[in-house]
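In what follows, a structure is listed as C-alpha cells, so that the remarks can point back to it.
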Amino acid sequence: MPQISRRCCSCCRLYVMPALQSIWNQTFLRALLAEFLGTALLVIIGVGSATGSQSHSDLHIALAFGLAIVMVVQAVGHVSGAHVNPAVTISMLCAHRISLFKAIGYVAAQCLGAMLGGGLLRAVSPFTTSFGVTKLHTDLGAGRGVLVEAIITFALVLTVFASTDEKRTDLLCSPALPIGLTVAVGHLFAIPYTGSSMNPARSLGSAVVSREWPAHWVYWVGPILGGLLACGIYEYLLYPNPQLKHRIREACRRSNDVQQVSPGSSEKVQSEEIKMQHTGENPKGDNP
C-alpha cells in the first residue's frame, strides 16, 4: 500500500499537476463560464417552449431549440466553442480537439448549467408539471430509443465537425446556422419517439427539476454513442485528419514491435549473453 500511494503521488506530480496548471487559467475559466451560461440559456428557452401546455406543436418546439442553439453558438462560440452538450464534448475529446481535463470541466459546467436553467424555468413558470422531461413513446422500447437518440445525435455531431473544420475553405456561413437547423430537424423527427434529447445535459436539467427519471440512461447512452460514431466516420473516413492518421500508424507500429519481442526470444538472448560472458567473449563486440 505505501508503494502504491507513493506511485500515485509521483504520477500526480509528473502528469496531473502540470496538465492542470497548463489549462487552469483565465481563458479556461471563461470557457467554463460560457458553457455553463450557454447550456442554461438553451434549457430555459428550449425546454420552456415545451413546458406546461400540451398544445405546443412539434414545429414550435423544434424551432425554439434550433434557434436557441443558433443564439448560443453566436454568443459564446468564440469563447468556448459552444459545445453546450456532453455528447459533443466527448466526441471532440475522442478527436483530440480538446484535452481530457478540459472535457471533464466542460461536461461538469454543462450539467450544472442545465440544472440551473431548469431551476430558473421552474421558478418563473406558472405551470407545476411537465418541465420538458424526455420520455419514450409507450410502444417504443429502450433499445430503439437508444437507436433514435444515436441517429439524431450522429447527424448533429457530424454537422458540428463539418461546419467547424479549419481545413475547409468552402464554408459560406457561420457554423451556428447549420448546427441550429440540424437540431431543429432532429427534433421534428424524434419528438414523437423519444421527446428528442440529442443532449444528455438537457435531459438531466428537466429530470432534476421535475424529479422524473423515465429511462434516463437512454438519453446518455444514445447521444454519446451517436456522437462517437460520427466522430470516427468524419475524422477517419470522410475527411481524415493527417495528424490523427499519423498517431494511429505510430500506435500500430509500437504495438507490433512489442508483440515481436516475445518472452521466449528475450530469455534466449539473455542466456546467450551469459554464456559468452563465461567464455570471456564480449557480447557487444566492444573493445575492453
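Cβ from N, Cα, C; glycine included.
Feature annotations, courtesy of TrEMBL:
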type	residues	note
COMPBIAS	257-268	compositional bias 'Polar residues'
COMPBIAS	269-288	compositional bias 'Basic and acidic residues'
REGION	255-288	region 'Disordered'
TRANSMEM	27-47	transmembrane segment
TRANSMEM	59-79	transmembrane segment
TRANSMEM	100-121	transmembrane segment
TRANSMEM	141-164	transmembrane segment
TRANSMEM	176-195	transmembrane segment
TRANSMEM	217-239	transmembrane segment
**Message:** Taking contact to mean 3 or more CB pairs closer than 8 A (sequence separation of 6 or more), are the transmembrane segment (176-195) and the transmembrane segment (27-47) in contact?
**Reply:** no
**Complete:** Beyond a gap of at least 6 residues from its ends, the CB atoms lying under 8 Å from the transmembrane segment (59-79) belong to 30-31, 33-35, 37-38, 41-42, 45-46, 48-50, 174-177, 179-181, 183-185, 187-188, 191, 196
**Item:** Beyond the flanks of the transmembrane segment (141-164) by 6 or more, those residues with Cβ under 8 Å of it
**Value:** 81, 85, 87-88, 91, 95, 171, 175, 178-179, 182-183, 185-186, 189-190, 193-194, 196-199, 215, 218-219, 221-227, 229-231, 233-235, 239
